[in-house]
């Protein structure tokens with residue numbers, strides 16, 4: 001069992017397979033030009049899998065593949081199958097923008113992927129294009145349909161932004177409700193790489209938009225999930241709100257992050273990290289596990305997105321998967 005320095009059980013590993021992305025979302029990507037990490041600097045799937053096996057043996061029960069955009073990584077389905085074959089009952093999920101899903105959803109399901117979180121910030125082509133800096137909506141909607149047809153469990157993530165997509169909060173929720181998908185509204189997380197003119201909506205503002213049409217009931221958090229759940233009184237539809245600015249957001253954090261270059265990151269907000277790359281490539285898995293435990297021992301108690309401070313993180317979310 002893996003325990004962090006504050007006594008929290010850690011059983012959830014998030015793996016960023018690449019920092020590259022085929023979108024340039026305003027709340028994630030920098031305005032100024034930047035260079036990707038060379039592909040040869042990334043851990044290959046064989047070395048990644050060595051660490052994944054060790055992490056599972058130490059108590060990891062849930063793995064989420066992220067990016068950047070994970071579907072850009074070649075042989076993604078083969079890596080998923082490697083994990084599934086080693087531990088068929090592992091909770092294996094992926095976060096994606098959905099743009100490439102139409103042609104690969106069936107393969108991912110067959111390989112052993114169980115769940116998907118797909119970003120959908122607007123149902124208006126022009127607004128989706130503004131946010132992603134690319135005409136994306138048609139492909140994303142087709143990807144969602146393909147994932148559902150493949151039998152994957154799908155949740156939708158939406159980041160409400162003032163003056164951009166705040167008028168679509170209910171529309172996107174109803175789109176999800178009609179298709180049996182849970183939507184999770186994610187508060188915009190301030191970071192130095194996002195466009196400087198963005199203003200996110202706080203949880204209360206998001207709920208107020210929904211209350212203009214629906215009566216809602218609080219459910220609460222389930223397990224270690226960061227989402228606070230609510231229910232529509234009308235039909236029992238459940239949606240989530242991820243609010244990192246709340247003081248209790250970090251109390252049940254059970255996750256550790258691994259970047260595509262092999263850095264273990266204890267918290268999305270903080271820059272501190274340790275690399276397992278050399279240890280894994282040398283076949284010294286015991287050393288990699290030691291590094292994992294050291295990082296967990298230094299895991300902070302909470303982030304700094306407090307309701308009062310609203311500090312901006314230096315961490316690039318396209319490196320760590322958000």
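Keep in mind that glycine also has a Cβ here, set from the backbone N, Cα and C atoms.
DSSP gives residue 256 (GTP binding site) a strand state. According to Swiss-Prot, the feature GTP binding site maps to 14, 64, 95, 155, 255, 256, 257.
What Swiss-Prot lists as [4Fe-4S] cluster 1 binding site is 21, 25, 28.
Mapped onto three states, the DSSP output places residue 189 (S-adenosyl-L-methionine binding site) in coil. What Swiss-Prot lists as S-adenosyl-L-methionine binding site is 27, 68, 119, 189, and the listing cites sequence analysis.
According to Swiss-Prot, the [4Fe-4S] cluster 2 binding site annotation covers 250, 253, 267. The Cβ of residue 253 ([4Fe-4S] cluster 2 binding site) lies under 8 Å from the Cβ of 4, 8, 224, 226, 267, 299, each of which sits 6+ residues away along the same chain.
For 5-227, the entry in Swiss-Prot reads domain 'Radical SAM core', with the evidence type sequence analysis.
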Seminar exercise, completed: Within 10 A of the CB of residue 27 (S-adenosyl-L-methionine binding site), the number of other CB atoms across every chain shown is 21
Seminar exercise, completed: The number of other Cβ atoms within 10 Å of the Cβ of residue 189 (S-adenosyl-L-methionine binding site), counted over all protein chains shown, is 22
For this session: Do me a favour and check the Cα-Cα span between residue 95 (GTP binding site) and residue 119 (S-adenosyl-L-methionine binding site); whole Å is fine.
Result: 8
Problem set entry | Pairwise CA distance, residue 68 (S-adenosyl-L-methionine binding site) versus residue 21 ([4Fe-4S] cluster 1 binding site), rounded so that it is a whole Å | 5
Exercise. Between the binding-site residues 14, 64, 155, 189, 257, which lies closest to residue 28 ([4Fe-4S] cluster 1 binding site), Cα to Cα?
Worked result: 189
Exercise. What span in Å does the S-adenosyl-L-methionine site cover, taken as the longest CA to CA distance among 27, 68, 119, 189?
Worked result: 16
